[in-house]
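Straight from TrEMBL, the features:
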- 11-206: domain 'Succinylglutamate desuccinylase/Aspartoacylase catalytic' (DOMAIN)
- H21, E24, H116: Zn(2+) binding site (BINDING)
- E178: active site, proton donor/acceptor (ACT_SITE)
- 219-299: domain 'AstE/AspA barrel-sandwich hybrid' (DOMAIN)
Amino acid sequence: MSSLPAPREPLRRVAVTGGTHGNEMCGIYLIRHWLQAPGELQRASFSAMPVLANPAATAACRRYVDRDLNRTFTLTLLSSTATPSDPYEVTRAQELNRLLGPKGTDQAFDFVLDLHNTTANTGVCLISEASHSAFSLHLCHYLQLQSLGVPCRLLQYETSGKETYSVESVSKDGICLELGPQPQGVLRADLFSQMRTLVASILDFIELFNQGMAFPAFEMDIYRVLGSVDFPRTADGDLTGTVHPQLQDHDFEPLRPGEPIFKLFSGEDVLYEGNSTVYPVFINEAAYYEKHVAFLKSERIRVQVPALPGLTSSSTLAP
């Protein structure tokens with residue numbers, strides 16, 4: 001993975017976004033707190049800006065108003081001519097692009113950390129585009145070394161041939177932090193505290209990088225998205241079964257050919273018919289029912305990550 005890009009200048013313009021989905025409560029309430037008391041986001045070389053990404057959906061405690069904001073940051077939508085009939089999230093994405101971007105330009109923010117909750121049993125999960133891997137992999141490894149008491153996994157997705165569409169894609173680099181399980185519209189104190197600690201550690205890592213620290217090479221396992229699997233359905237789209245008890249809550253654990261994945265309402269088991277072992281993620285995620293996704297399939301890959309050199313003393317000087 002030696003060809004992956006890595007930033008060679010300090011990350012001065014950093015944002016932490018929450019409420020991209022208006023019913024994922026940890027990020028929402030952390031952002032609301034930091035908007036009133038931003039001291040936790042201050043570091044010597046930068047101060048991260050808190051942003052409530054989708055205020056209308058947050059006020060309604062809904063994932064979105066008109067369309068999924070986290071699928072709306074394509075250049076096509078961001079550059080479209082505004083009209084009064086535009087979906088709310090298209091208008092909001094254009095506003096965020098002006099604030100944090102413009103996407104694909106030198107004026108864009110250096111780094112965006114987007115905070116999410118999931119109803120699935122993912123634990124701590126970082127999600128990145130493959131093109132952002134170098135810095136993201138070192139960030140994930142740094143969190144793994146912090147003795148947080150839970151695994152920290154990195155899930156990569158490819159967007160080859162497609163436009164990137166997530167909030168953090170507006171910035172030069174960025175990552176999504178997923179934390180679960182937590183029901184939609186519910187705030188759990190343990191996950192709230194855990195996310196707060198993780199954000200602090202991520203900002204600490206950026207600060208160490210800005211101050212010129214070099215990070216050595218290492219090996220780690222990552223998970224790469226292969227595709228998705230839908231629920232069993234009728235021709236009209238109604239469910240005929242749901243996630244099998246042997247699969248439920250086993251995110252990031254191996255699923256082998258012939259093992260059960262669904263339990264039909266008739267009582268029969270549906271078995272996984274793939275040719276190789278995969279690692280399901282976002283199993284039975286509530287928000288994915290409308291997307292016809294029962295879980296994502298991923299492959300586990302062992303990667304050798306090259307060292308992240310320290311920045312030169314001239315580039316680490318305060319602006």
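Backbone N, Cα and C define each Cβ position, glycine as well.
Shown on the structure are the features that TrEMBL records.
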| residue | record | Cβ contacts under 8 Å, 6 or more apart |
| --- | --- | --- |
| H21 | Zn(2+) binding site | N54, A57, R63, Y64, D68, L69, N70, H116, A287 |
| E24 | Zn(2+) binding site | G18, R63, L115, H116, N117, T118, Q182, Q184 |
| E178 | active site, proton donor/acceptor | H116, N117, T118, T122, V124, C125, L126, I127, L155 |
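Residues in the domain 'AstE/AspA barrel-sandwich hybrid' (219-299) partition by DSSP class (helix H, G, I; strand E, B; coil) as 3 helix, 32 strand, 46 coil. The residues near the Zn(2+) site, meaning same-chain residues not in H21, E24, H116 whose C-beta sits within 8 angstroms of the mean position of the site's C-beta atoms, are G18, G19, T20, N23, G27, R63, N70, L115, N117, T118, in sequence order. The number of other Cβ atoms within 10 Å of the Cβ belonging to H116 (Zn(2+) binding site), over all protein chains shown, comes to 25.
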